[in-house]
Amino acid sequence: MQDQAMSSMAANSLPSSSERSSSSALHAEVKEGMESDDEIRRVPEFGGEAAGPTASAATAFLLLRNRVSAQQARERKKAYLIDLEARVKELETKNAELEERLSTLQNENQMLRQMIVQ
């Protein structure tokens, strides 16, 4: 009885074929990638005056503002990654210097211990 309830719950949680097709269409739309700068700054054309010119202008403004905001976020992320990569190089260089210094001091310590024993 419990197995039947579990299998019916699992079947109900699976997306229907129409949900899968709309989901795949949305995924394909997102997957197409980032827009070029020209596409980001282009104000989309809206047909149909049923909503009125101010509504379509407001929608166009919001879409444009969203695109600009998204582009700025991508640019901030890119700058952040560049900064992190530079920091990694700095730390790798410093680590190599410290490893070399450690090796030198260990050799010197070993030589001094041998001098004490003799």
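Any Cβ shown, glycine's included, is placed from N, Cα and C.
Small disclaimer: the values here were computed from a predicted structure and weren't measured.
Copied over from TrEMBL, here are the features:
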- 74-115: coiled coil (COILED)
- 1-24: compositional bias 'Low complexity' (COMPBIAS)
- 28-44: compositional bias 'Basic and acidic residues' (COMPBIAS)
- 65-118: domain 'BZIP' (DOMAIN)
- 1-52: region 'Disordered' (REGION)
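Under DSSP, residues within the domain 'BZIP' (65-118) fall into helix, strand and coil as 53 helix, 0 strand, 1 coil. Predicted-model confidence for the domain 'BZIP' (65-118) is 97, expressed as mean pLDDT.
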